[in-house]
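Since the structure comes first, as structure tokens, the remarks are kept for the end.
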Amino acid sequence: MPQHVVVVGAGVIGLSSAILLQQARYTVTIVARDFPAPFETMDPLTKINYTSPWGGAHNRWVPPHPSLPATLAREHAFSLRTYTHMQNLHASHPDTAGITFLKGVEYLERPGPEHLALSTPSNPNALNLPGNFRLLEESEFPADGGRVKWGCEYDTWCVNPMVYCSFLLRRFVHRGGRVVARELRRPEEVFAMIGSELGGNDGEAVAAVVNASGTGLVPDPDMTITRGQTCLVAEDCDATVTRQNADGSWTFCVPRGFEGGTVIGGTKEVNNWDVKPSMEVRAELLKKFGETYPKILGEKGELTVVRDIVGRRPTRNGGPRVEGEVMPGAGFVMHAYGLGGRGYELSWGVAEAVVEGVEAQIRGAEARL
Ligand SMILES: Cc1cc2nc3c(=O)[nH]c(=O)nc-3n(C[C@H](O)[C@H](O)[C@H](O)COP(=O)(O)OP(=O)(O)OC[C@H]3O[C@@H](n4cnc5c(N)ncnc54)[C@H](O)[C@@H]3O)c2cc1C
Ligand SMILES: *[C@@H]1O[C@H](CO)[C@@H](O)[C@H](O)[C@H]1NC(C)=O
Ligand SMILES: *[C@@H]1O[C@H](CO)[C@@H](O)[C@H](O)[C@H]1NC(C)=O
């Protein structure tokens, strides 16, 4: 009989994990407080703790480097795996998955060692990034008096988050996945739920629980949030452009595609819980992006605001937590949370690690019988 795995969370991490677990022939139920819904009806006041709707979301490489935290190497490997999955999903479902492939352009005012290493191909740290990675010539930098010091472009992907997540949910259910809308106090609660509460038969045991609860409810002392304010505009853009400013702030755009407009961003404010967008910040974001990439302004010469966005990136001290844990008196919990500002970027790599963790646990348990 197939083993039953319950995934807590229906953000991008829970959904991707659920699909790969299902592919690995487990019976899978998703239990979550929030599920994907049209972005247009998503209420920021009640859904602020559900991060996935408020993301961009694009893929931008963050190369590992000996001078940076070692956890970045695993994250980078996750992002490469995600890239491959996105290519495949886009190829098989170009009109429905919510994925767009386009140029990613980066302009850095203060490039770190990980980027400078990419400029010296003979350097052993130089990475073979996919997507026709190319360094920009100085003549291709924004004309603003030499503030940009380093630039590159490559083919990358963006998703329209709620189109994409709804696609994942639909695919999961179409393939026999079960969903239960429920708020839990702790992920271990699932082990005490009876089969019928999980959409199955009474007496059906849960072999493993995946904790993909994002910002979560039970405080992990290492968890906090990083507030992000962005602004959705109606204009399309031909690239996802990211600029690192000398003061450490970021100016970027993420075209959502599928008539979802373009996200102009964005702030990164650790431990700021303010749910209200600031109008001064909006004006600043739009002004800076217009200066960086004037092409987006078109003939009208200005951007058309659709709505302001505030989101909470589930941030964890020490990096994402993707590991298994046996909870005494409950069962095996596979954690997959704390993805910060990279949940979409790393999603399929994390999901593969979740399947590996669950398989190792279940095989181990069977061997002990
Ligand atoms: C402004 C902004 C821009 C971003 N841009 C990008 C980008 O360009 N690229 C990128 O990769 N990432 C980006 N991100 C980050 C990305 O959005 C997040 O990393 C990702 O959405 C996190 O997904 P998650 O599944 O871990 O959590 P969530 O989406 O928060 O999902 C958590 C799930 O767990 C459920 N849950 C939580 N607690 C409970 C409970 N007690 N009981 C039941 N269910 C529960 C929730 O209901 C929900 O279903 C951005 C984020 C922001 C805010
Ligand atoms: C979001 O989470 C915070 C911290 O757990 C909580 O105080 C707040 O009530 C939650 N907001 C909503 C709208 O659920
Ligand atoms: C599950 O994940 C949340 C983050 O969403 C974390 O705070 C919590 O500690 C985890 N649960 C357990 C039981 O470890």
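Cβ coordinates are placed from backbone N, Cα and C, and glycine is handled just like the others.
For reference, TrEMBL has these:
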DOMAIN    4-356  domain 'FAD dependent oxidoreductase'
BINDING   T51, S52  FAD binding site
BINDING   R313  D-serine binding site
BINDING   G341  D-dopa binding site
Open item on the list: If the criterion is a C-beta within less than 6 angstroms of any ligand 3 atom, which of the binding-site residues T51, S52, R313, G341 pass it? List them in sequence order.
Closed with: none
- [ ] Measure from the Cβ of the residue listed as 'D-dopa binding site' and count the other Cβ atoms within 10 Å, all protein chains considered.
- [x] 21
Task: Three-state secondary structure, T51 (FAD binding site) (per DSSP) - done: coil
